[in-house]
Amino acid sequence: MFALFMRLLLNVICVVYSNYSGETCKITYGSGAISGFFSNDNVLVGDLVVKNQKFIETTRETSVSFIVGKFDGILGLGYPDISVGKAPPVWLSMQEQKLLADDVFSFWLNRDSDALSGGELVFGGMDPDHYKGNHTYVPVSRKGYWQFNMGDLLIDGHSTGFCAKGCAAIVDSGTSLLAGPTAIVAQVNHAIGAEGIISMECKEVVSQYGEIILELLIAQTQPQKVCSQIGLCLFDGTHSVSNGIESVVGKENVGSDVMCTACEMAVVWIENQLRENKTKELILQYANQLCERLPSPNGESTVSCHEMSKMPNLAFTIANKTFVLTPEQYVVKLEQSGQTVCISGFMAFDIPPPRGPLWILGDVFMGAYHTVFDFGKDRIGFAESA
């Protein structure tokens, strides 16, 4: 997973005189893994002393990201349901030890890289200086990560289709960008002029099957059954799946899986254009263009820093409200060899049903919207950052 690191000035966490427990452990992240052993100690967070907190002393890191980022450690803030070794997150220990005025923690991330303060993490409350108006709350739908149900992604107010009936989403300060379904990210990349790779499989599907997909959709065929009807996927009763055949060595036909995925994306794009009453030629041309905007293998795509004023606003639908991201908010600027490089804040990340489709709202979103993690009421709140 693409890793981007921001300079954050958060409350310092100090651990001393650790009590070795001898229990070994390993955690795999999107950009690497760590291993080590568990210990227990009192942990100082700001002016709070969390007693007998279980934590990992890391002895091995397998990713360059951890070295480049010069991490002192990782502070896990998910639910205990996904905690390795049943270790309670620090916020749960704070709650159990009655250290907090309120059972929440909140994030403000400063996207101004030249500012002295990179951000603020508050345990037990919210800093009113860092948000505007009231927070919009949405209930946690699945404990583990901070997951909730969200609606559509809009490009200049127009639906992208794939999540029109809803998608799952998680909020994660450990993810730098916005990660979501390839079918939507390709549409975003097309709208903002992002440069990805040309997927030959995608273009082949549009060339060979585009007109058939269009005809089936016009004939009111259920979208989730279209790719199975033309033989590129199987239909399991709720959604399409790859029709890859097991080979003599027990490996699935990867090519057919790619063709199935490409077909599913083409159905979303073509159905979306049909709603706009576009002609057949324009619809197929648009789908072919989206194939050219598919992200690179690592997920990220570059954009022109000089074209930001022409890029559209994008918006997530959460709790029936729209949360707008301007180009200045969703384009990330990086300094490389004395030059500024701009990348799209969106990266492709496909999770199949029933867990997906899934969005990960990372630092790009959290930088625009002050975020409250309310573990007392199992809900998440968003307000415009100040």
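Including glycine, each Cβ sits where the backbone N, Cα and C put it.
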Requested in this report: Choose one of CYS291, CYS342: the cysteine that TrEMBL connects to CYS305 by a disulfide bond.
Outcome: CYS342
Query raised in the report: Mean pLDDT, the domain 'Saposin B-type' (256-297)?
Result: 89
Report summary line: DSSP tally for the domain 'Saposin B-type' (197-237), helix/strand/coil in that order, comes to 26 helix, 3 strand, 12 coil
